[in-house]
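Noted in Swiss-Prot for the protein shown:
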BINDING   ASP91, ASN93, ASP95, THR97, GLU102  Ca(2+) binding site
COMPBIAS  1-15  compositional bias 'Basic and acidic residues'
COMPBIAS  16-25  compositional bias 'Polar residues'
COMPBIAS  922-943  compositional bias 'Basic and acidic residues'
DOMAIN    78-113  domain 'EF-hand'
REGION    1-27  region 'Disordered'
REGION    883-943  region 'Disordered'
REPEAT    137-177  repeat 'WD 1'
REPEAT    180-219  repeat 'WD 2'
REPEAT    224-265  repeat 'WD 3'
REPEAT    281-320  repeat 'WD 4'
REPEAT    323-365  repeat 'WD 5'
REPEAT    368-407  repeat 'WD 6'
REPEAT    449-487  repeat 'WD 7'
REPEAT    600-639  repeat 'WD 8'
REPEAT    643-682  repeat 'WD 9'
REPEAT    699-738  repeat 'WD 10'
REPEAT    810-849  repeat 'WD 11'
Amino acid sequence: MSSDVKDSSHLEKQNSQEYSNSKQNGEIDIMEMLPQKKMYIIEKQFDQSGKGLKIDEFVRVMLTHLDFDKSDVQKEDQITLALIDLFKEIDVNGDGTMEWEEFSDHIISLGLLRNDRSFKNVIKNYFPSEHIKDNQKHETPIEKIVYFDKLKYLVVLEKDSTRFKVYNANTAELYYEVNAHKCAVLDAEYIPDQNLIATSSNDLTINFWDSSFFIPKQIVSVPEIQLCMRYAKWSTQSQPTYLYTGGSDSIIHIYDTKTLKEKGTIGGWNPFFKRDSQQYGHASPIGDILPINIQTTLVTAGLDANICLWDAATHLPKKELRGHEKGVYSLDWSDFSPMNQCLLSAGLDHEAFVWNTYVKEKIFLLRGHNHPLIGVKCLPGTPQVITADINGMVKVWDVRNFLCMQTINVPTDELNSFVVTSNQKKRIIFGARRLYYYEYDEPKDQMLTDEKMCLRVLYNSVLLCLITLHPDCIKVWDIRTGKLQSVYRELSTAELTVCVLDTRKRKLFVGDADGNIFTVNIKNGAKMKKFEKHNNRMITDLTHWTSKKPATIEIGGDDDDEDGTGDSRRVVSCSREETVFIHDEDSSDPSRSCRYKMKQHKSSVNSLSLKQDSELFASASDDGNIVITNLNSYRQETLPSTQYPFEKKKVIFLDPYNALVTSDSEGYVHFYCVNNGKARTRYLLTKKYETTSVVNNKVDKFPVTHLAFNSDNNMLLLSDELGNVTIWDLTIFLKKLDEIKDDNIQQQKTKQAQTPLKQTPNRASNGFFPTELDELKQINEKQISLSQMDNLEKYFQDKDIAFVHQLKGAHNDGITWIEVLKEYNMFATSSFDCCCHLWSFNDYKKMGSLILGHDIMNNNWQLRVDEEKRKVDAQYYMEKLKKKLNKDDQSDDEEKNSQKQDESMMSDKNFDQKNQKKPKKTEKGEKGEKAPEKPLPEKKKVLTAQEKMEQNKKLKNELKLEFDPALLNLNKNKKQVLSEKEQIEKASELLEKVKKFNDVIANKNKDRRNPLEIDYDDFLRAYQMDEQVDIYLDQNEEEEEDNNILYDLDDPKNQSIPAGAYTSKGAFKSKNIGRKNKI
């Protein structure tokens, strides 16, 4: 019998309601909404950021490109929450950003899951029913089976028989045998609104029978043999109910179920009849008819290999699907979820076709049969598709990935028909010489967590689930209901042995019996990364360490510490060998992931424990030693030996205290004080773990199988191989531990810094040093402290650890793991007895169990989650994110409007400057007299003032655009950058003032042959250099009034400046120009 158990059947019972429930809960499937045509645009948005998108940037990009009604605020909020969850799901490593490679890899991984057997909710195996047998005699082979779900009837039609038999579908009990027609019965259909069963025959009649007592109600004559029939109740406005029949004349007839009269044939015309002038229709006998109510579409298949789609309201043709080479006589519709809706067809071809009704091409072929198929069926509410051929080969497919999950060979020479039932058992019933029943493999005990032992149970506070580890699978359970959510199978070829959560609780690190280590995504079961393999030795324990706490994703945060970058992430593994591997989680090469191999032990390493918020981990070995290792320096320290040199099986840090507990193979529990830094680790106490033996009913010590600590109430939980759980109270022990004066240098400095001023030693009134009395007190305190340190074994006593309670017989076999759920004040246990239970710290009563049975109400699951608080937190986070997005959008809009205004002003200014009339400049100024031209020197060409000014005017527009906003800053104390509009205005003012100044100088020097030539390019460069020095080098200098040179250049007519003052570049390096009194 298969090891797959009732878990999947329970899953599939829920799957049909998953989509509707998710809609009611407001969950959105982002991947379903993702437009493939916009993927290239989205990729560009990722590339522009350079370092990836933060969560607010990611949400903005996705909200822009997702297909939904942007005016629907409620829909936008739901999508925003879904995008936040998606970001956290993809950002498994927690670096706070998402690059395009991560996003695209996530999408690809969803597709790869179609080819991965570890995909969740794996279909269960079928096996022949041991309880249901067909004991009836069949004179001829069974030609066809028809199942009526509402009646739970199975109508059996035998080859060339005028009778039909009615069975109880659940028990195979024969109810009726009806003498129905004069010739062979071909098909049967149930009409629920009239409580009738219709049968068709070779005698050219359709008979209608009362479904309760099979009394004939009406006989309808037909012109041709009707090979198939199908009832349909359409969800259109009038909600008509029809009986469709397909004849050997390739015509489809319509009958009104209320009047049982034919409808749709008027004057010999039938819309389904294919004429030479028509493009659609059938030219051969009809093989099958299928109404798809959700699409108001009628699908017909014929022996001409065509599949036709018709509008349900008008019965006009919609589409024709071509691809089959031979006749088609079986159709079915899969509606497992909106993402998996598809049409399936089968016939004389050896493959079943999968269609999307919106396109004409097939989307997949279900291959694997070597003979013509007899049909294709979908199990309602499940992802299962069944195909069978005439040779008796049956295949079970998963419609989510189109993989063949199981192959069944029915023991018969020729298989003719089969049906599937929608009851709890999901039976498949085959018709050959007799009926063959196949059903799900059911566990004998439905109160189990799995048919195989439960090795670990872990609590995930982020995803609100419990995770159980079994030798061949990992199961995920909803913490709110105790129901099974997902099953991940075939993760490894070897048996799974250990697993541990990462610090962000988004993935699992898993080890197996062959020494393999890999990570699994908890959300979808995808295997993500492998690590260096141990030498074919079973992995005994794993732990995960991050150099700092998991970063919370801040909205728009720029702190490097918040994005998670620069973290050191390590995976520590041990196995049935003496070496402990320290892996680099970020290593890209699995074969070289190990950064360090710790070989301090001399035998098998059994257990690991990480001290939270530190760099230390402890390892316990069969050599009797406990080794403390620093994950950064790899410094190692072996704990002091005790008088009990037995094999160490378990080790645990009592976080947040500086204490460690270990158990050995003889039932002794040892307590140590562990100090950080260079201080020594000290042995404190040993206590025996005792319980009552089942064999002789005597109290004796037993090995401890697992240790767990609850820091909220200082309770230590211990389990044994008898299935008991014992609780010890460590309050007194931990109080004494705090009283010990720690000689750690760093902790001494911290304590001294926190010492109140009134507790400091008294100082002499005339000096700095303490008095002699103070020194004696300090010496005495040190002596007491040292005395305590030397006699710690006497200071700590057995009575410091108080017995609280023992759960006798919590399990029927040895307990493998204890998981503390602090926020609910509960703990969970797993065992070799294949069970997992939940317990309360208040009264130590069972609060529920993780079970396979369908009836979860009997489980009495009592854990309650504060959903409102989680919703409020999610809503607050979303509102905060939306405010950030709105603020950024407003800034973008203002910047765009400013750019448009600047571009408009630049255009207007350029137009005015080009059309402005410029007066001719002469040597005599405004009189207009021409000056004699003087030839330029031959050696060096010198431009005249007029030519120079014309050249500078041509550069005017370019200079305006080259101005740096920081160089025109008029208030350097505030360090505000001018807008582009102010840039252009100030640049224009500067050039106009320089132009006026040039005119003044030229007029004052009109007696000279050549006017003063001002190099405007040099002027502006010198000006820019001056401003750069002020802004960037002296930005911390505080000045009362530090005005730009632009304000120092008042109207040149009101200044008395000697000629030649601006003839050198160095003249402009002085920022402040003294003003003279007005003339």
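Numbering starts at 1 and runs along the chain as displayed.
From the backbone N, Cα and C atoms, a Cβ is placed for every residue, glycine too.
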Per-state residue totals over the repeat 'WD 3' (224-265) - DSSP helix, strand, coil: 0 helix, 23 strand, 19 coil
Residue counts in helix (H, G, I), strand (E, B) and coil for the repeat 'WD 6' (368-407), per DSSP? 0 helix, 23 strand, 17 coil
Restricting to the repeat 'WD 7' (449-487), report the mean pLDDT as a whole number. 90
Please give the sequence-distant neighbours of the repeat 'WD 3' (224-265): residues at least 6 beyond its ends with Cβ less than 8 Å from one of its Cβ atoms. 186-194, 198, 200-202, 204, 206, 208, 218, 271-274, 281-291, 293, 296, 298, 300, 302, 304, 312-313, 315, 329
